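Here is what Swiss-Prot says about this protein:
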BINDING   Gly19, Ala20, Tyr21, Gly22, Ile23, Gly24, Lys25, Thr26, Arg183  ATP binding site
ACT_SITE  Glu48  active site, proton acceptor
BINDING   Tyr66, Gln90, Arg189  substrate binding site
Amino acid sequence: MSTDKTDVKMGVLRIYLDGAYGIGKTTAAEEFLHHFAITPNRILLIGEPLSYWRNLAGEDAICGIYGTQTRRLNGDVSPEDAQRLTAHFQSLFCSPHAIMHAKISALMDTSTSDLVQVNKEPYKIMLSDRHPIASTICFPLSRYLVGDMSPAALPGLLFTLPAEPPGTNLVVCTVSLPSHLSRVSKRARPGETVNLPFVMVLRNVYIMLINTIIFLKTNNWHAGWNTLSFCNDVFKQKLQKSECIKLREVPGIEDTLFAVLKLPELCGEFGNILPLWAWGMETLSNCLRSMSPFVLSLEQTPQHAAQELKTLLPQMTPANMSSGAWNILKELVNAVQDNTS
């Protein structure tokens, strides 16, 4: 494998398509790739590490996490043991994404000066099907909110995130609830089940994620922390039953993930977050603050979504990468995908 990273500096757009499962992200990403296929070596698509999830040291994370909920409902496992098993299987989703993300980060030119302009073509595009925060933030929080995981599992996932390199463009994909339920029921991945409360919570959490990133551009997490009520069962039920979180141009802290993270288990007797978890909250905030957030509707055809994504490109934050590093990245991605085919 080549190790030359000193070639010509290039402008690169790192784009991460994310959102709830089963809405058509992968199809939209493939359509976007097809759109740019006329320009060789222009775009690199990084797919979900599905086969790693299917066989991680002999364990199937997808069947395991959904199967655990079925076993709990059938009374085959206690609620407490089900929460522990869910936390275990959720952790299996994290490692393939995290390792790949670390390799990508190491290849980036993190200097903030002299950014290569990407408003003049050609420039490179790295399009990833999900960002690691899907498995470390959004899905674990959603599992907790429906009772599938205990709060004890959250700090190790949410508060230990690595620093995010410059130029992360996070595109949260959305569809209407009827379209979502129709699509996820049709794709029928082995072991995957449709749980309406979980789907509803996940949709709310992704809107909270966007609100959180916007909020952190001008605020700190502790601004308004004391005004938040503890995340209680009433709030959890509301998140499970309706799309109660709205996308805000100017979010308040109550519109963000911090409204979920105000947990008695993380706080002292007066509601102040314990020092260790406060440091973790800073780590989480720094990671999210550095991202550029976008929203993309997948309600219409994949072709329409690809065109809409293209219109967002001029608004995105570029990064630098050498041509040698780009070639290394292609080799890495091809090696992983060859091993997962």
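Cβ atoms are placed via backbone N, Cα and C, with glycine included.
When the record's ATP-binding residues Gly19, Ala20, Tyr21, Gly22, Ile23, Gly24, Lys25, Thr26, Arg183 are compared pairwise by CA position, the greatest distance found is 14 Å. Straight-line distance linking the Cα atoms of Glu48 (active site, proton acceptor) and Lys25 (ATP binding site), rounded to a whole number, equals 11 Å. Cβ environment of Arg189 (substrate binding site): Ile62 lie under 8 Å away, each six or more residues apart in the same chain. Here the Cα atom of Tyr66 (substrate binding site) is found 13 Å from that of Tyr21 (ATP binding site). Here Lys25 (ATP binding site) is positioned 20 angstrom away from Gln90 (substrate binding site), judged by their C-alpha atoms.
Here Ile23 (ATP binding site) comes close to Cys173, Thr174, Val175, Ser179, His180, Arg183, Val184, Leu298: these same-chain residues lie at least six apart in sequence, with C-beta atoms under 8 angstroms from its C-beta. Its own atom aside, the Cβ of the residue listed as 'active site, proton acceptor' has 19 Cβ atoms within 10 angstroms in the protein chains shown. Neighbour count (other Cβ atoms within 10 Å of the Cβ, all protein chains): 23 for Lys25 (ATP binding site).
Shown in sequence order, Lys25, Val172, Cys173, Thr174, Tyr206 are the residues of the chain, 6+ apart in sequence, with a C-beta less than 8 angstroms from the C-beta of Gly19 (ATP binding site). Taking the mean position of the Cβ atoms of Gly19, Ala20, Tyr21, Gly22, Ile23, Gly24, Lys25, Thr26, Arg183 as the ATP site, the remaining residues of that chain whose Cβ falls within 8 Å of it are Cys173, Val175, His180, Val184, Leu298.
The 10 Å shell around the Cβ of Arg183 (ATP binding site) contains 16 further Cβ atoms across the protein chains shown.
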